[in-house]
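**Student:** Sending over a structure as structure tokens; questions will come in a sec.
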């Protein structure tokens, strides 16, 4: 029985990681929704899911927005033209931005968990173009 327990325990510890999904987000100069975009620009995840941000076009990165980071979530910042993989563990709404193109509205949203997402969660202090783009993303996500 002891040898069997020794084999089962590691499997039980790895079970949550095995259920986690890997999603991809591409950083693009343009797509059907406009210029300077992430594709997709909205993801619904379960806690523990990962997103690999791909620098499909040059001069982009993916970084968390401090104004839209759930409590207890770790901030992240990928380098320009670099792929970054992020594990989302805290439930809530995450804002993601491309630092060089933030003023142009290059942002996306990641919803982790089942909590409702509403336009009221978009901080009013954000630049107008960013608020506008986030509002468009939320409308399409409904």
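Using the three backbone atoms N, Cα and C, a Cβ is placed for every residue, glycine included.
So TrEMBL lists these for the protein:
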type: SIGNAL; residues: 1-20; note: signal peptide
type: DOMAIN; residues: 28-112; note: domain 'Blue (type 1) copper'
type: BINDING; residues: 60, 98, 101, 106; note: Cu cation binding site
**Student:** Using a 10 Å cut-off on CB atoms, tell me which of the binding-site residues 60, 101 is the least crowded.
**Tutor:** 101
**Student:** Other residues near the Cu cation site, CB within 8 A of the CB centroid of 60, 98, 101, 106?
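**Tutor:** Here the nearby residues are 27, 36, 38, 59, 61, 97, 99, 100, 102, 104.
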**Student:** Cβ-Cβ under 8 Å from residue 98 (Cu cation binding site), same chain, 6 or more residues apart: which ones?
**Tutor:** 27, 36, 38, 60, 61, 62, 63, 106, 107
**Student:** For the domain 'Blue (type 1) copper' (28-112), what's the model's average pLDDT?
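**Tutor:** Mean per-residue confidence for the domain 'Blue (type 1) copper' (28-112): 98 out of 100.
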**Student:** Is it possible to get the count of other C-beta atoms within 10 angstroms of the C-beta of residue 106 (Cu cation binding site)?
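**Tutor:** There are 27 of them.
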**Student:** Please classify the secondary structure at residue 98 (Cu cation binding site) using three-state DSSP.
**Tutor:** coil
